[in-house]
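Annotation source TrEMBL lists domain 'Acetyl-coenzyme A synthetase N-terminal' at 32-89. What TrEMBL records for 94-477 is domain 'AMP-dependent synthetase/ligase'. Residues annotated as CoA binding site in TrEMBL: 200, 201, 202, 203, 318, 532, 593. According to TrEMBL, the feature ATP binding site maps to 394, 395, 396, 418, 419, 420, 421, 422, 423, 509, 524, 535. If you look up TrEMBL, you'll see 540-618 marked as domain 'AMP-binding enzyme C-terminal'. The annotation Mg(2+) binding site is assigned in TrEMBL to 546, 548, 551. Residues annotated as N6-acetyllysine in TrEMBL: 618.
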Ligand code: 6R9
């Protein structure tokens, strides 16, 4: 077996692709160069050809019709084609691979047996679920909210929506009843699909009772379809609640896939931005599937028969594109894991890789950092010889974690694909291809086919052509899986992504481009923080805090956290009649967990008698960030503050 050794280049290491990776690769360096050039020089011709990788009911004749022009942003791909996404992910594989495993389900508790769901099984299950949804009154274009654990029924529900032409909106099972209600109401959903309980890391989240609490704040016509997962006790509202397992026994095994336009929305997924409440990112059917399946195949060098495992939750975009749609469109075997990396102990990921002979493994830097700290013996006791490709996503990966992944998990033989993308982009935009590109610890390397990144000067908005350089990352042209709009608010879509830098899609990330033209993401340049790979708008946490009766004002910033990447640091000004106390810190923490969910739980709460504000009343977050980072030397100019003395007070009383 060949291992790659790093070539030291100035201060950074470069790992050329191993001979093994090159020999196996679907795309080698020459092929990448040729295809990439073709995709940029003539996108119409390129995507006309590659759009055919999926099955169309009526073939498209128009390929790309997109505009980033301010006031007229409009994204359409393959717009006159029709298709059904579920038929692409299931039916078209039945003649050739009906008995092949589509989904391997690995439960939270390792003592519970894993399940293998073949493409034939998947077809039956999805058809039944589609018929149940139709019985509940779901029709083309209706919205269905999915609030489920990481169980196969989550995939059935997504594909059943796609089958009948309904738009799904998945709400992560860790979100609170309030967050769930906001999303049900925001999309005016007809049905919520949930389960009795969600087991995770040996604990159980009471999903059905969360849904009950949420539905009190929703229209009383909303129906609730309940999947049995643990058999835990639930309360039942007759006429509103429906028993999935019972209905599935009766439901018909066939449901005809609806003919959908390429531009019909496939799903809505709420994500955090720098202002206001989370926005509903809308993805299309045709362009999304083309790009999700193509990136899944080439970025992970997926070959027939491989076992692919993406450890994300289907509540995030990574789970949509790389557990369900990308892999299943490619006829792959995809692993769905219900648990967490450290339960029962820190070897769980590696045991699952060993047990199911996983070939491609895709996870987040935060998980790697947590596991790295537990010691190598948890990795070394498992046979990881099946692994061929390792991937990361969600946040910048620090070189220590990258090296550990490469050396200890991959034994130096598995290329690491560091994939940069977003909920909004639908699929990978920057990533090395395993047999084509060298890799560098911490770099997302190269654009995928059809992706045209530019680095802009944040002040002038001009493209920077020199190497090396640093600035904000924008995309110059559209790609098929670009989000189409914000649900119900196209203006917000334009304003968020197309107004800062006219004529470009602005991703919200800063980046560097090195001498070789390789990209390094430096993190968000807006008020979005990245906690364990989860996006969080500081504004969301602030509005949760100020909703508490004791809080007059709050400002939230990110600060460096060893495991989570970033932690949540809150400056809180109390109402005049309230006194700071440890009990109140606890109460506020719990309050935010209840308002948003445990992932938003503040790491640090500092009492702030005053916040640094400009004379126009704008909070100077730059200063708050520096204090949270314990970096008092570079606070910059504080003379424009309305009351500069608040800064001294905050420094003197820095928490944590
Ligand atoms: C897929 C996903 C998107 C934000 C994005 C960026 C960060 C994602 C990254 C990365 C550095 C990577 N991000 N992948 N940063 N390197 N490989 O994570 O979507 O939840 O919408 O987050 O995550 O800041 O803008 P999403």
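Cβ coordinates come from backbone N, Cα and C, glycine included.
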Q: Based on Cβ atoms within 10 Å, give me the single least packed residue among the recorded positions 200, 548, 618.
A: 618
Q. How big is the ATP site in terms of the longest C-alpha to C-alpha distance among 394, 395, 396, 418, 419, 420, 421, 422, 423, 509, 524, 535, in angstrom?
A. 18
Q | Integer Cα-Cα distance in angstrom, residue 318 (CoA binding site) to residue 548 (Mg(2+) binding site) | A | 33
Q: Check residue 200 (CoA binding site) against DSSP and tell me helix, strand or coil, would you?
A: strand
Q) Hey, how far is residue 396 (ATP binding site) from residue 532 (CoA binding site), Cα to Cα, in Å? A) 11
Q. Among the binding-site residues listed here (201, 203, 419, 421, 551), which has the Cα closest to the Cα of residue 618 (N6-acetyllysine)?
A. 551
Q | Listed binding-site residues with Cβ under 6 Å from ligand 1, out of 394, 396, 421, 423, 532 | A | 394, 396, 421, 423
Q. Any idea what the Cα distance is from residue 551 (Mg(2+) binding site) over to residue 593 (CoA binding site), rounded to a whole Å?
A. 16
Q. Just the number: how many Å between the Cα atoms of residue 419 (ATP binding site) and residue 202 (CoA binding site)?
A. 30
**Q.** Sparsest-packed among the binding-site residues, when each Cβ's other Cβ atoms within 10 Å are tallied, from 203, 524
**A.** 203
Q) Reported as an integer number of Å, what is the Cα distance between residue 202 (CoA binding site) and residue 394 (ATP binding site)? A) 25
